[in-house]
């Protein structure tokens, strides 16, 4: 049986529960516990809207409760996997869905669910942690083992775990959302995530009786952000539980309405318009929204002091933390030196007392962990205890001194979240006796607590707490180090805006749970904002990108040299024939076609194998493979003048080209910081052009030789760059993105450190890790949610046409003909010094590429492609007309040279480079990789056609068109101009999200540049859309057979 995406191995048999008109199907586990999973307890009307509770009797019909439901969309948690030893299973791969993530799981003794007259038993409700950004209610909180333990002790309990909306989905608020709620007759709620928790607790009050639970005896527990949630629920004032279990709570502060408004405005701007934040898929929106900075996973929104109001209806509270809470968040710093530790500390707490934190002046990781644990967890817990012992609930304090016994990075630490597997009686750790003893004693104490008994001696004024530590477990004295409250910050207080301010439009501040969680700032433990972390040196990254340019040099040199070989007499003697009619050596058209065609076949093969090779083994093996393939290809052509070896060598060089076109650009893009990524990727095309120039220059130096060394020397020199690539790859770090894609987080961390250098802050390294991991998760979700058929539906059909069109016309311009057969074409056209001319043509192409960079900024993509097509057409038609008017003349030869060089300049300035930019920008976010693959496949296919046809057009033994071939390619270029004028939009100066809007609105290509993006009002009145109804107060707009709640 599976539960969502998670495999379960404890299924024993099916069980059913009938409530009114609802038939709930669950299963009985091997622990003899009834499991009812994924029960919806609330329904989300629309993104950012208040959910509506669904009681059990409201469901009706058959309800499958045998599987975990989806989690709220969230960024990838790179810390979570290192906890895996102490849990049976992790839920990091659970699917996401913001609309149906509000569900809960019930684990109950079988007797209570089948006997309606059985005595009602206590209920333990759990709220998961994750910094309000990550987590779900699934396998880490599997209640089977603790419920089984309670039955063994003769005090059975029921466990309920529920989900709530996270991050921007659960903690976004703004004046616009408040006004929307009022207009729909709802009470504005600033913290939907906390309100979701409240709805779950209300569900327990109304429905837990059907499972044998006592709604009047509910204990609410949570860890980390879940523990902070328990405190907020106490602050919320509704008596939905009787006592609380608060584990490892940091001093989380929820931001004010003003702060949340700023974050919401950022979100709207990043989503291009107000409508887009609801029209886009959750994965798209989450990938584009402003994320919480993460200089440390832990260091966000911490306050200086807790304050809690006593609640008479919650008379007992268990409160505590682990000995080494902060260890979990600093595992990537295991190999850091003293300077890096101090830099990291100052990046998150600028005014940290370094001398106090590191006694003796020697910064160590252990000292940092101890200070952060005390400052963020231990001291606030003791301060809270001191404040409530007189007027608050009866408090039971604890500390977990037992350390992780498993080998691994957390070995020897009582880390943050270590209390969860102990609390839920997870079995893996019981192979260690001290772990098992601690679990048995802790579970017995907590179960007594759930029954309203004292679990151990209360804290009181004597300051006693429980120390969980195997056989040494027992109550010990506490000597709290309480710092007087400076009053700098308050948590759980209600913000009081000035009278008449916009914030006063919220009528029920109490119902908003006080402050609102702000997603955009970092606070040190003293409440002050940390400065932006300094950027490390990018010198290493630049050197790495330049080093892998050897792959594109290999591509360019191959293209430059083979074109010249076909004009070298020794090469023609080895592979061609003597043409008496010409009085010179020539080559058969079919051999000429094969020489060019097999390279393309090899390139296709290289492109195909690069996918599985790169996914399984990484990017560095791909770079090695480029070098090996290129070396073998050159050697096969050098050793013996055999047509078979020539073609085999050309195939191997084609494989190298196919591998290079994938691995070089991928590696450069993955190692470069975001702000330098475009420049680094452009080095690939630059390398090809420089390599081509090098190849033609070498040919110019050897073509006059009368022996085979005329072409063997260029082949020998072509060995230099692939050999250099192999050598430098030995010392290159693997791509951090690949490491993360295969779950090797620690190695990804070290890779970024190597790439960025010692000056790069460790906090920023962790931030990079988080961002990359999130992008990987987003890409996987987008890939899984789309198909190739989607490319030809709705507005994506237009976008696919643009991508395929621009890449096809790029090839149809005739550049393949110039690059692959240029030298031979010049020779059969009667031009002397053909190798010098080829060098000049290569220089012109390189110049066009260099000119492209500045001109694209002020001319735009569309204008450059239009002017480029026009200029190319003029060049090609001039060549053709002069060849007709004065064939074989000196004037025709000079014209051919001049306009071929100009054609090369205009091509690389326009379609050669800008075409790829447009192809990338025109693709929709969800279909980008699929659109690119279709466009690239079309480009390769057309390249094969051109390579096969051109020899028959220019060879004297075939069509022998000579310069008149310009009529063919010139005509195709005119078609490209017409197509671009009517069909190609200006994609420059727009975010990808704005482009999404313009394509959705079907804006004509010529109006893209001047069109202004519209907002929510325009979408609601869209001429291409139709308002199809008002579903329970939500305006539903239909657009292209899809429904969007506005």
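Backbone N, Cα and C atoms are what each Cβ position is placed from, and that goes for glycine too.
Whatever TrEMBL says is automated annotation, not expert-curated.
Keep in mind that what you see is a predicted model, and the values were worked out from it rather than measured.
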931-954, 1003-1026 - the one TrEMBL records as transmembrane segment: 931-954
Which listed span TrEMBL calls transmembrane segment, if the choices are 653-672, 713-732, 733-752: 713-732
Same-chain residues at least 6 beyond the ends of the transmembrane segment (679-701) whose Cβ lies under 8 Å from its Cβ atoms: 541-542, 545-546, 549-561, 563-565, 568, 664-665, 668-669, 671-672, 713-714, 717-718, 721, 819, 823, 835-836, 838-839, 841-843, 845-846, 849, 853, 908, 912-913, 916
Positions whose Cβ lies under 8 angstroms from the transmembrane segment (966-984), at least six residues beyond its ends: 801-802, 805-806, 809, 812-814, 817, 862, 865-866, 869-870, 872-873, 875-881, 883, 911, 918, 953, 1005-1006
